[in-house]
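Participant: Heads up, here are the entries from TrEMBL:
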ACT_SITE  HIS10  active site, tele-phosphohistidine intermediate
ACT_SITE  GLU87  active site, proton donor/acceptor
BINDING   ARG9, HIS10, GLY11, GLN12, SER13, GLU14, ASP15, ASN16, ARG59  substrate binding site
Amino acid sequence: MTVTIYFIRHGQSEDNLRPVWAGWKDAPLPDLGQRQAAALGAALSTTPFDAIFASDLKRAHSTARAVFDATKSYPKPPFTVTQGLREQYFGVAEGHAWVDSPSVPLDASKNIFPILYGRDEKFPEGESLNDLRARTVREVLEPLLMPIIWASRGKKGGDEEVRVACTSHGLCISELCAAIVSRVPEGERGNYPVTFAGLANTAWHCLRVGVKGEDTMSGDEKLDVNAPLTVEVVKLNDYAHLHTIATADAQPVETSKLREHLSGKSA
């Protein structure tokens, strides 16, 4: 049986509206972000989650708590906080303003930090996108998600369906979803989206993930964290719940290159 995983981006944080690099910079949710999170919790309140995983950064942790607090499931699902779901770390650029010009080179000595588009590029002491992808595999996919996916082998659907929520950040979610799809055999990836980037605040992707060939397994096999997977993309960037917020800025348009980048849109 597959496991249904909801990958949820945090509500709008105080830093989302500022032109600064904010990966591990730990800004809380302002009023709008809290209302977005509450609307998300209400929308998912009848979804019976078996586990909720959350980044330890305030904006994602508060969003995950809104989902946890609103759930009508009893008993409440386990709530696990992990640094593995943190946003990309921007090193010495954290908290500094970004430069809106691709022609301006990085110069950390002068606090000049343009958007870096190469997958191996990174600010001093920070992570590249490839580093981030490796972290999501090492700290989230293999130790947290694969045991759940592996344990679901051979189960039938219906009441036994397993649902998991991962509340994180735009770039982290984009890389984690891509890492999961990369476990699908190469010749079977034709219908997947090119990217999982561009999540709006409190929007979510939904994937159904299973172990390939599980029907031929006895069920007694030892956990294989590198097992090939099957993936069905159920939904992308779902933020219909925000229509319940009576304000024109319920989901502000990504109006800057930096905001697009932090949503994963330009990664």
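Any Cβ shown, glycine's included, is placed from N, Cα and C.
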Participant: Name the residues of the same chain, 6+ apart in sequence, whose Cβ is under 8 Å from the Cβ of ARG59 (substrate binding site)?
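Facilitator: ARG59 (substrate binding site) has long-range Cβ partners HIS10, GLY11, SER13, ASP26, ALA27, PRO28, LEU29, GLY33, HIS169.
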Participant: Per 10 Å Cβ neighbour count, which of the recorded positions HIS10, GLY11 ranks highest?
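Facilitator: Neighbour-count leader: HIS10.
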Participant: Just to verify: the residue among ASP15, GLU87 with the fewest other Cβ atoms within 10 Å, which of the recorded positions is it?
Facilitator: ASP15
Participant: Whose Cβ, among the binding-site residues ARG9, SER13, has more other Cβ atoms within 10 Å than any of the rest?
Facilitator: ARG9
Participant: Determine, to the nearest whole angstrom, how far the Cα atom of ARG9 (substrate binding site) is from the Cα atom of the residue listed as 'active site, proton donor/acceptor'.
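Facilitator: Answer for this pair: 10 Å between alpha carbons.
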Participant: If I take the alpha carbons of ASP15 (substrate binding site) and the residue listed as 'active site, proton donor/acceptor', what is the distance between them in whole Å?
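Facilitator: With distance taken Cα to Cα, the residue listed as 'active site, proton donor/acceptor' is 13 Å from ASP15 (substrate binding site).
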Participant: For substrate, what surrounds ARG9, HIS10, GLY11, GLN12, SER13, GLU14, ASP15, ASN16, ARG59 with a Cβ no more than 8 Å from their Cβ centroid?
Facilitator: ALA27, LEU29, GLY33, ASN201
